[in-house]
Structure formats: structure tokens, C-alpha cells
Amino acid sequence: MSIDFNTKVIEMKNITKKFGDFVANDNIDLTVHKGEIHALLGENGAGKTTLMNILYGLYKPTSGEIYINGKKIDITNPSVAIENGIGMVHQHFMLVETFTVVENIILGMEITKNMGVLDIERATKEIEELSKKYGLHVDPNAKIHDISVGMQQRVEILKALYRGADILILDEPTAVLTPQEIDELMEIMKSLSDQGKTIIIITHKLKEIKQVADYCTVIRRGKKIDTVKVADIAEEDLAAMMVGRQVSFKVDKKEVDIGDVILKVDNLVVKDNRNLNAVNGLSLKLHRGEILGIAGVDGNGQSEFIEGITGLRPVESGVVTLNGKDITNLTPKEIIESGINTIPEDRQRRGLVLEFTVAENMILENYYKEPFSTKGRLNHESISNFAIELIDKFDIRPQDHNHKVGELSGGNQQKVILAREISNNPDVLIAAQPTRGLDVGAVEFIHKYLIEQRDNGKAVLLISFELDEIMNLSDRIAVIFNGKIIDIMDAKEADERTLGYLMAGGGTIDEAK
Amino acid sequence: MKRNRFIMIGISILLGLIVGAIVLLIAGFNPLEAYGVMIKGVFGSPKYISWTIIRSTPLILTGISVAFAFRTGLFNIGAEGQFIIGSLVATLVGYFVKLPPIIHPIVALLAGALAGALWAGFAGLLKAKFGINEVITTIMLNWIALYFSNFMVFTKAFKRPNKDASHRILESASINVLGKWKTSEAGKAFLVEHKFWKEFLNPPVNYGFIIAILVAMLIWYILKHTTLGYQLRAVGFNKDAAEYGGIDVKKNIVVSMMIAGALSGLAGATQVLGVSKETAILAIMEGYGFDGIAVSLISGNNPIGCIPAALLFGALKYGGSKLQPAIGAPFEVINIIIGIIVFFIAMPKLVEMIISYREKKRGGEVESIK
Amino acid sequence: MKALNDLGIILGISLMYAAPLMYTALGGVISENAGVVNIGLEGMMTIGAFTGAAVSYFTGNPWLGFLAAGLSGGALALLHAVACVTFAADHVISGTAINFIGPGLALYLCKIFFDGAAMTLPLDLNHKIPRPLDRFFSTNSFWNSVLNQYATVYIAFLLVILVWFILYKTKLGLRLRSVGEHPRAADTLGIDVFKIKYLAVILSGILAGFGGAALSIAVVSNYRISLISGQGFIALAAMIFGNWKPQGAMWGCLLFGIAQGLAVYLGGTSLKISSQILAMIPYIITIIVLVFFVGEATGPAANGIPYEKDQD
Amino acid sequence: GCGNNAEKPKSDIKVAMVTDEGGVHDQSFNQSAWEGLKKAEKDFGIKVSYVESQQDADFAPNFETLLDAGNDLIWGIGYKLSDALLDAATNNPDQLYAIVDFSYGDKTPDNVVGVVFKAEQSSFLVGYIAGKMTETNKVGFVGGTAGDVIWGFDYGFQAGVQYAAKELGKEIEILNQYAESFSDVSKGKAIATQMYQQGADIIFHASGDTGNGVIEAAKEQDKWAIGVDRDQNYLAPDNVLTSAMKRVDVGVYNVVKDLVEDNFPGGQTVVYGLEEGAVGIAPTSDKHVPKEILEEVKELEKKIIDGEIEVPYNEETFKEFMKTL
Ligand SMILES: Nc1ncnc2c1ncn2[C@@H]1O[C@H](COP(=O)(O)OP(=O)(O)OP(=O)(O)O)[C@@H](O)[C@H]1O
Ligand SMILES: Nc1ncnc2c1ncn2[C@@H]1O[C@H](COP(=O)(O)OP(=O)(O)OP(=O)(O)O)[C@@H](O)[C@H]1O
Ligand SMILES: [Mg+2]
Ligand SMILES: [Mg+2]
């Protein structure tokens, strides 16, 4: 089915949303036609999610009107949106971890027998049919915390379709998927639009917009810049519209000689929370002066691998040596002191004490050392001075070391961690998802520091789901699958297809070729 | 922020008193008269002030105990049991151990604190080692402490003949202010001359209050200015981050519970050495720990804040005890008032709304005048 | 034969002890599965105990008293809900307040309605909750010791099944648990998070009120100030013990009941164990069972976190 | 300074009491004491009032409160208040005090009167009734928290049962258990239920609120319970056989009367027993206890008053009693 330009399924007019004094959406107009795939593009914090949350009834607009299929609707809460055929897949999944797939899908729209008793059997059947119809494979009876992120995403889409959604909002749906999964999703979107569904997709990836979207609306700092026909515009121009200047996505990286092995992991086995071997005989060597990228789909043991080598999770068997010294199963403190520092993947859970000030967070690993404390007494002055220095060097905003970290933006939170870890000048820096969810400026900044670390003859272990990041930064790339490194290649020789093939568990490089 | 908190507490207290007034009215008492009795009952004489302070002293310490645990992410419902154990051990040391004055009370206080620390540390250990929720274990340990104390009081060497209580502690272990001097000839002569001091010193005024204030400052200092406090707070706010930063989370849970327990144990010890001088058979929980929870919550889990909060609590309870003989109003109204105060303190959002409504109203009036 | 009878006595005592705790613990299960921590159970139980005894006394109908007990517990719970749900209060603070207000109010009302007395007037045996299986078994038989219980005991077990069924098999239960695990997700699906939380907290108060009445008009026949001295907290512990599940909470209460039964039984034997030591046994057994058989428990993911919608 | 009441008009005399944690409505000795004061108020036209204690630490400040209120006589109700009362009395030698259930012996200050009751005597009488009336030859005793006071009830009761057993020429077993609580009704009920199941048909309790559970068990199993302190028959009219009365009200009333008549027995301990009519069996006993037995009880009372029978009140005296039996 092609786009029906006579039917405006969505018309948002003059939408303004203020959070206190801050204007997140500034007089935005958005029109979407039936059968269209419409992309929303903008930097971090541009206001994309806010606009869609308004459309879905999660936020009340400060002013402005919304028309659905030509009728003015006051979308006061998600129920109204659902009734009007709007479904939304949120940037952070809205799934109840302890529930099964079926339970998550039917929640709020339950099929019941008498007296409100759930009819799970019928629901399961319906969902199986639905999943067949749209080619969205899920395991209906699995619990959410047991399934892959890709499947979780399909559950989210099914949730919307199950509610009879004709308009589907997808907020950054590809951020956590493998290239293959992304391809699959693109296909699904096309097939949905063929079946008459209207889709709004938010993404930072220009490639994807080119691939599926018909039209694209660009938002910058809460204001709508323009809506353009995707076929008529080049990626570079889209990027320029988005940030308001020409951007280059290349990372400057000079050649460095790779040095001795500094970190050696031998046949490592680490269990996950369910007591299964998440890391299952993993071996690798990290050299001075290199960035070793670890590519892989979420859930293949990356987290357990990092926690295993940093002492946060017991190592069942295998050996980790740093500079020739066995550091297997030492305490986190001992491991930090032997020279490994980490940028953790979950910055809010692991990386920061949100209720602490910036200054307090800066000394998380060193609070007991001179000059931050003497004989168990904190030395507030030197802590402050240290924090002020780092805030300045890493351009952390606001420039206030007494600010609570929880009140900082995501990018600045990440900079606090980076500043802290790099200031330790570790031999090995483990960077897990260092730029997840950050805008272009912040990403550039963090990449610069990772490379600087490598240039200084230290080693960086980079773990990321973002293939572009891995390929741009790494000197060598290891692919992790099912808790093992299945192959390692030179970054220059790596291409997206091969990596994607390996990440999906396809086999070794040779087989990929 | 800080200012707002004070205003909020003030408004909560006001609301509590208003509800209390309504309850009194319904039962046919004049609330103004009742509050008058309470105010006079607390401030009417130097000795009433002494009594209020004496009444508040253990609550400052159990309040800090609960607050400290909260600050480090633990809910210490067990202050009650730790208090009991602290009292018991302080009595044992106060009676059986023979030491010179000054040293004797110090040893007894430390012993009480240590006993409380070990008692609570056990709950901390179970949490750290087996992940057992400290709420359950401390509830269970409260009852075990109660029965254990009763058991100990009944041992032959410890029980006072013809009394369901232990022997009294030796005079050398007392922490009363000028205890001996008060009854000496010189003391008596002085006090006859100086009415205020006679009144003020009439109740068993003891160093417990000063100890409690010093401890509040110490705990505030530990939390704010030491690496130990830094670690404990980090664990309390986010134990995953603390663990990642190399802090031994399990050890800190045990240490935190031990410090909390030491504070409650100390509360029990000061009570014995300063006021009760003995451990009596306990028929029921006396409520020092449970009141401590309320004190801690009123103070916003701030150790320094526990001092005024406990004084408020002590004043309400001590002043409230005078309602009955004066005007015949039942004491329960005090518990209702305390409950309402705590209830409003739980709802800063509501109280803020009330404040901003009033400000708006005032603003509106100003505008209409223009 | 003697051994069997002794066992019967222990089990009978266990059931008597466990039943009031079970109601209250079930209340905790419901409230906390919807994400509202309820340490105010003690206060709700107390007001229920008083209301149950007072209404039964004045109406002569224990079932009316039982219902009224539930309503009074629910009314107190409503306060907790207003604080925790509407005003995003700290659940522990609000619960602590309830624990002051509940007992204070119960005694205050008791003194008003019962001429200044700190206890309600006792009910006749035939004005108490009935014992459906009374005279069904021969006296002093094993089955009589175990099963000749007040209707409240059977109802407690029925409620365990009912609560389990509602939580895990019905629409309401699914929604209730989703609100405790991930309120935002529930919200995005059009579920009224506040309404569900209100419902759950009020239900928990009703059950705690029942628990109080199960003591005041079944185990004994009047309310007095000392009747609920810590039972609410024990029920809370049983709920955590049972991993926030109805059946788990039931086992927690039964364990505690059995331990009490055992302590009472041992006190009646010729073993000369001091009575203070015996009194500690139930609490010690609970800790031991926790350490060796239960271990770590985690509640619903969003339990105790105030849920606030769009903050603007 | 205890002889100046004569000049005062009676309506100016003020008497007040400090209760223990049970409070004035405890259906037990606090309430009984208050009833005694109220009767005195009515009879002599004096003014009376009370303060309730919430915890042990309240005793001393409560004495202060009453001191400041200008009372002529201040009562402490219950042995738990003995230390606090002694302190207050020593500090304020001009103020009159009296305490229920405690004797300072030779060391009683001049401004203090101790009032004690021979609870073992009434316990002996109910024990005798139990011994006479048991059909299963098994009776029980449930105590609150163990201690001197409750032991008095315990051993007095045992002695009475054994006395009856001797008379009847049979063996009667006495089950004996302490709840370690004065407030755990469930436990009281559990213990009593167990005793009944083991064949006891009469149980005497001296356990405060815990006893509520004992009486409840009696009601349920349709067995006998024996009440304590006051006439507890109203709690279960068909199942409370009798009660071991301790007329705290009589004791309190009498001392106040002495005061009003300017006859305050300062420095002494007044012992109230059968002779003074301050202990005994409940007036409702005739509902369930046969006349003959009641008559025998009367005779026993006489023997006790005459000193022919010395009722034991602790383990030691009980052993001696058993030797003489
Ligand atoms: N509930 C809120 N309260 C206050 N500020 C908010 C709230 N939600 C969003 N904002 C702010 O509004 C701005 C727009 O946020 P929004 O989430 O819409 O950005 P976005 O375009 O989706 O960015 P991203 O690419 O990071 O997802 C940001 O500065 C954000 O901090
Ligand atoms: N609730 C309170 N009642 C009385 N005084 C208080 C209270 N809270 C704080 N104060 C006063 O404020 C001073 C600062 O307290 P403190 O430095 O411990 O607060 P903080 O640590 O900055 O606050 P927070 O509790 O938010 O961590 C204290 O010395 C005390 O005098
Ligand atoms: Mg964002
Ligand atoms: Mg977004």
C-alpha cells in the first residue's frame, strides 16, 4: 500500500511543552499521512521523546492541539491514545521483567473468562496468530528477563498491535539490536506499512532513515526545523540540519605500535544470576597501545565478563593476569589498585552514587588515599580542588563540584565517570557502552579520550553494541558469542556484514567468507 | 532546602496539635486548657525541664541509631532489642565489676554499647552473609533480647531478693550529675540557698544528655567527614556503585549495623547508669526503639536533628502525662498527636501545597489591593 | 496414642496462633505486591481488633463485628494510601505514623465507648465467631485438637487460596503486580496506577483489620490494649519470609505458629527448661529457618518507591 | 511531719496515685486501687486523682508531678514502683507516701506506708476448692512472668491443692507453666488448652491479661478456670469457678481513712490478709462451688487467721509446709 496523502492520520499543531522554565517542545507542527513511515531526527535532548510522549498521552502539552484522523482529540492519558489506535514502543522498554511475554502483551487488555479470570490459553493463541501475521517471532510463555533484547522489542511491537494500533511510534528501536536484527526490523516496518499501518520512528542513525522512512522531520533544541522527503536528501544534509553545522563522523586515529600483552584472560568461566555459565571458556589477550573492541549482541556474557575480571562477580575457573600478575578473584579494590579501571555499562546503577555530589563521586575509588583523606579523615579541600580541576578539564556542566550528580544530564554524568577513571591513569581501561544514549558532541569527546589513553601506551578494552563505534575506535575486534570469543580480527579488515554474521553466532570468519 | 524542611516540620507539628485539639474537643476537653497544662508541665519549673531532658535522652540515642542505619540503607527496627541488651550488660558491669568512679561508668557504658553492637551486628552479619532481610531478624532479635534479659535477671547472683529486678549498680558506676554532693551536707546547704539549682538537680539529672549530644556530633562528623562515613553513605545510597568503587559492601553492612546497635546499646546503658540503676523484669516492650524510629523520621535521619526531635518527643510524652491528673484527659491523645505529626512529615508534597496555597492567597490579596 | 495427641495439641495451637497473622500477612502481600510498603499493619490490626470486639459486643453478631473490623482497618489504610499514593510519601514514615495513630485511636475510642475501660466487655461463647466443627470429633481426639477451630482459621486458609488466585490468575492480580513491578509500564498501557494502589492498600488494611478481629473475637472474646503487641510486625516478617507471596506468607505464619506450639508444649513436659528460654524458641527457630532454608528474598521491583506521574 | 491534717477541712485533702504500665483501667490491681480511692472520695469528701505510667522510666517523674500538685498522700501501685517511691520519699521527707504490694521492712521511712496482701492465703483457698472439686485429679496453674509476687500465688495454690488432696486421701497432680508475659493472651490460651487436653479440669491463673486466654480456653473447652485479683466471674460466668481476690481497694481505702482520721501509720508495713477481709474468695463463688465446700473454706479461713495453718509463699516455705502436712 502506498501513502494516502488524503488522510492525515496525525496532525500535531503548535505543540509546546515546558518543564518548569525549560521549553522542551517549542511550537512544533507534525503531520503524518496514512501508510507513511515518518522519521523524527534530532540530537540528544532535542525533544523527540517528549513530543511522542505527548502524542501518546503521557505528558500534557502546555499548549497546542492534536488531531487524529481529522478529529480533534484531547489525549489526556495513554488509554485515549490506545483507543485512537496509537501504539508506542518506548526508548526504555516498558516491560514487566517477572511477567511472561503473554502477560506483558495482554496487560491492560486482558481476555477473561468469568469474573475476571485470565484466559491465558486464548490469549496465547491470539498472540501466536498475531506474531505469525506480522512475522514477529516471540516465545509466548518465556519470562521477559529470560529473553533477548531483540525479542523484547518484538514483544513491545506486538503489545501495540495487539491493541489494534494503526499508528505505531518506535522510539530509538535499533539502539540495542544487531545488524541482522536491525535488518529484520526494517523489513517488519515495511511490511507493517504495506498492511496500512502508519509508523513514526525516532532514530539517530541516518542510514536507517534512508533505508525505510518516507519523510523525516528534524527537530533542534525543541524547535521543528523542517519536514523533508527522505528520497530527496543526502545523509550529510540531514546531519547538518540536525546539529546546525556540517559534521564529520570520522574519528582521528594515528597509528601506534602495539606493545606487550598487558591483560591476559585464559579460559574464563563466570556464572550469571541464574547460575548458568554466561562466560564460558573465554580467552583473549590485550596489548599495550591498542583498543580492543568486543562486538556482540547484548546478553552474550559481556556484562558477566567485565564483572568477572573486575572482581564484582566470582570467577568459577580460568585465570586473569595483569602485567603477569594473577588477579583472578581478587577483590574489586585490589583489582583497581593493580591497574584496571572501568567505565561501567550502567552508569546510574554502577558508576555513580546519584545522591552524592560531583566531588564525592570523583573520589569513589580513591577516597581513602592521600590527599583526599588523612588517617580516616576526609580532606574536603583537596577533594574539592581535585573535582574542580577535573570539571574544568573534562568540561563538565554545570561547573559546580557541589552539584548532586543525579541532577546532571546523562552526558555530563558519563563525563564524571570518564574523568574519574582516566584520572587514575590505569594500565587497562575497560569501557563498556561508553557512549550509549549520548549526543554527537559527547560521543566525540569520549572517543577522543579513549584514543588518547591508547596513544599513551595504555590499553583499552571497549565493549559496545554499537558496531560503528567498535569499528571506528578499535585496533582489533573480538566477537563475543555465547560467552566465548569466537574470533578476533584486525579492525581494518572488518566489515559490518561479517561482524554481524559472527555476532549472530554464524561461525568463524572463514565460514563467514 | 534546609529552611523549607524546618517550615515543614513546624507545620506538621501544628497540624498534629490541631488534630489533637479536635480529638480532645470531641471527648469534651478544652484543648487550650490541655495544651496549657502540657506547656506548664514542661516549662513550669526547672525540674520539669530536667525531667523532659531525662525523658528525651535515650530517644536521642535510639533515634540516631535508627537514623544512622537509614543513612546507610538499612532499616533498624531492632533498636528496642539493642537497648535492652545494652541496659542488661551495663547493669552487669555496674554491679559485678568493681572499679573506681569515672572509670567504672566509662567501662559500663562501653560494655553496653559493645553488647548492643554485637547484638545488631549479628543481624548485619546475617544480611551480609546470607542476604537475610534485616527487618525480620531485628524484629525477632527484639523478642529474644527481652526474654534473654528476663532470663539473666533471674539468675541467682544477679537477682535482688524480693524484687523482680536485678541488683542495683554500684554507686561508683553512676553517671548522675553531682549525685553524691547533692546528699552531702555541703550540697544540701548550697541547694537550700539556691532554689533554681535545687529544683533543677532534684530529678536524676545525668551526663547521658551530654553524652547523647556528643554522640550526635560524633556521628554527624563520622558521616560527613570521615572515610568510614563516606563508605557507609555510598553503600547506603547505592551499594552497586560502592561495590564497583572497591568498597567492601558486606563489611560495611556489618559495621553499620554494629554502630547502630552500639548507639542503642549506649542508650540502654545511659538509662541504667543515670536513671533506673537496675534491670527490671520486662513485661512488655518499653518502646524506646519504636519511639526512636519516629524520632529519626522527624529529624529527617539527621543525627543532629535527632536532638530537637527527641526533645519534642520527650516533651510531648512528659507533658502529656500531666493531662490526666490535671484535667482527666486520657494520655492516648498524645500518641495520636505524635502519629499525625509523623504522618504529615511523611507528606512534604502536601505540606508544600499548603504553604504555596497560603502564599498564593496572600499574593492574590496583595494584587487585589492594588 | 499419647504422641499423636501431643502432636494434635501442637498443631492446634499452631493454627490458633497462625490464623490472625495470616490475615495480616496476606494484607502485607497485597499492598507490597502493588508497590506500597506497609509497616503500618500493626496499627491497622489494632484498630480492627478493637472495632471487631466492640461491634460484636453491641450488635451481638460476630460477623458484623468481623466486617466492621475490616472496614476500620481499611479506613486507616486509606490514610496510608492518601499519603503514599497521592502525596508520594515515604512509605516507612507513613506506616510508622499509622502505628501511632491506630493503637492510640483504638484505646481512645475504647475508653469513650466502654466507660473509661481499657478493654471491651467480653462476648459470650455464642456471640463469638462460631466453631463449625465443634462436637464433630470426639473430645481430646487428635482431629478435634487440630481441626476444631474457629471459622476464622478456615477463612484464613481460604483467603490464602483466594489471594493467590486473584494475584496470579485474574486480571486484577496481573494489574496489581504490574503496578508493583513497573508502574510506568502499567501506566503506558492505560492502567490507572493510583486506583490500583489505593485498592491494594485499602484491601491490605481490611485484611489486617480481619487479622485483629480474628484475635479479639475468636482467639479471645474482647479487645484489650495488650492484645496486639507486636503481631503486626511478626506478620510483616512472615510476609518477607514468604518472599512476598501469599502461600509463602502462610508458611511463614505457620512456622511461627508451630514454633510457638512447640514452645508451649515443651513448657508442659517434665523437661525443666526455663520458661524464659522457652519463650525465645519461636524467634530463634524463625531465624534458623531463614538462614538454612530460605535465604535471600527480594520483593517487587518497585516496592516502596513512590510513583509520580509527569512532574510538571 | 504527718500530724497536721486535723486542722484541714476534709475537702482540702488530696490523695493521688501513680499506676504502673497497666493503667487505671487494667481490670486488675490498678483499677482496684482507683476504686478504693474513689470510694474514699465519696465517703470522706476528699479529692483524688491518678497518673498512668507508660514505661518504667515514668515512675519517678510521675511522683514529682503529683508532689507538685500538692497532694497530701501519694500512692504507688505495684511493687515495680518501690524504688522510685523510696527515692521520692527520701527526697521529700515532708510528703506522705504509700505503696501497694511492697514492704520496705525495717527500713520503711517515717513518711511511707507499705501495704501488702497475703495473696498466698486466697490462693490457698482457691487451691483447696480446686483440689476438692477436681474430677480428673489434675489441676493447673498458669503464671505470668515468674517472680516473687507470682510465686506467692503459685505456692499458695499448690499448698491448698495438696491440703485438699491430703483430706481426700488421694493424689492430685498440679500442672504448672509460666507464659513469661502478662499480655500474651494467645499464649495463655495455648497453655491452658494444653493443660485441659492433658486432663486438667481446673486451672488457676495469676497472669494478668495472659489469663484472659486461660479463661477463654475454659469457656471453649467448658472446663473451670479460677480468676485472680478481682472477681473475674463476669468474664465467663459459666466457667470461672471462683477467684482469688486481693482487695487492693480495701487496703487503699483503709490507709486513706487512717489519714483522714489523722492516724497515718507512717513507717510501717500494713499487712492485709484474711483477717482484714482484704483477701479471700470471690463473692460469686457460691454460683458454682457447693455449699459444703464453701463451709469448709470458711473453717480453713479461720485456721489461717488463727495461725494454725501457715500458708507458704515461695519454694522454701512450701517445702516446709509439705513436711508439716
Ligand atoms: N519529565 C521531565 N522533566 C524535566 N525535563 C524533562 C523531562 N522529560 C524530558 N525533559 C527534558 O526535555 C528535553 C527533551 O527531552 P527528550 O527526552 O524529549 O529528548 P530526546 O530528543 O528524546 O533525546 P534522546 O535522543 O536523548 O532520547 C531534555 O532536555 C530533557 O532533559
Ligand atoms: N532536622 C533538623 N533539625 C535541627 N537541625 C538540623 C536539622 N537538619 C539539619 N540541621 C542543622 O543543620 C546543620 C547541617 O546538617 P548536616 O550538614 O548534617 O546536613 P546535610 O548533611 O547537609 O543534610 P542532608 O541531611 O541533606 O545530608 C546541622 O549541624 C544542624 O545544626
Ligand atoms: Mg532523552
Ligand atoms: Mg528520546
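The count begins at 1 with the first shown residue.
Any Cβ shown, glycine's included, is placed from N, Cα and C.
Listed in TrEMBL:
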TRANSMEM  C:6-29  transmembrane segment
TRANSMEM  C:36-58  transmembrane segment
TRANSMEM  C:64-89  transmembrane segment
TRANSMEM  C:96-114  transmembrane segment
TRANSMEM  C:150-168  transmembrane segment
TRANSMEM  C:198-219  transmembrane segment
TRANSMEM  C:225-242  transmembrane segment
TRANSMEM  C:249-267  transmembrane segment
TRANSMEM  C:273-294  transmembrane segment
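By the Cβ criterion (under 8 Å, sequence separation of 6 or more), the transmembrane segment (C:6-29) is in contact with the transmembrane segment (C:150-168), since 3+ such pairs are found. Of the recorded ranges C:150-168, C:198-219, C:273-294, the transmembrane segment (C:64-89) has the largest number of C-beta contacts under 8 angstroms with C:198-219.
Highest Cβ contact count with the transmembrane segment (C:225-242) among the listed stretches C:36-58, C:96-114, C:150-168, C:198-219 falls to C:36-58 (criterion: pairs under 8 Å). Long-range contacts of the transmembrane segment (C:273-294) within the same chain: residues 237, 241, 243, 255-256, 259-260, 262-263, 266-267, each at least 6 residues beyond the stretch ends and with a Cβ under 8 Å from a Cβ of the stretch.
Remote same-chain partners of the transmembrane segment (C:36-58), defined as residues 6 or more beyond its termini with a Cβ less than 8 Å from a stretch Cβ, comprise 20, 24, 27-28, 64-66, 68-73, 75-77, 80-81, 84-85, 91-92, 94-103, 105-107, 109-110, 113-114, 120-121, 123, 127-128, 197, 200-201, 204-205, 208-213, 215-217, 221-223, 227-228, 230-233, 235-236, 303-304.
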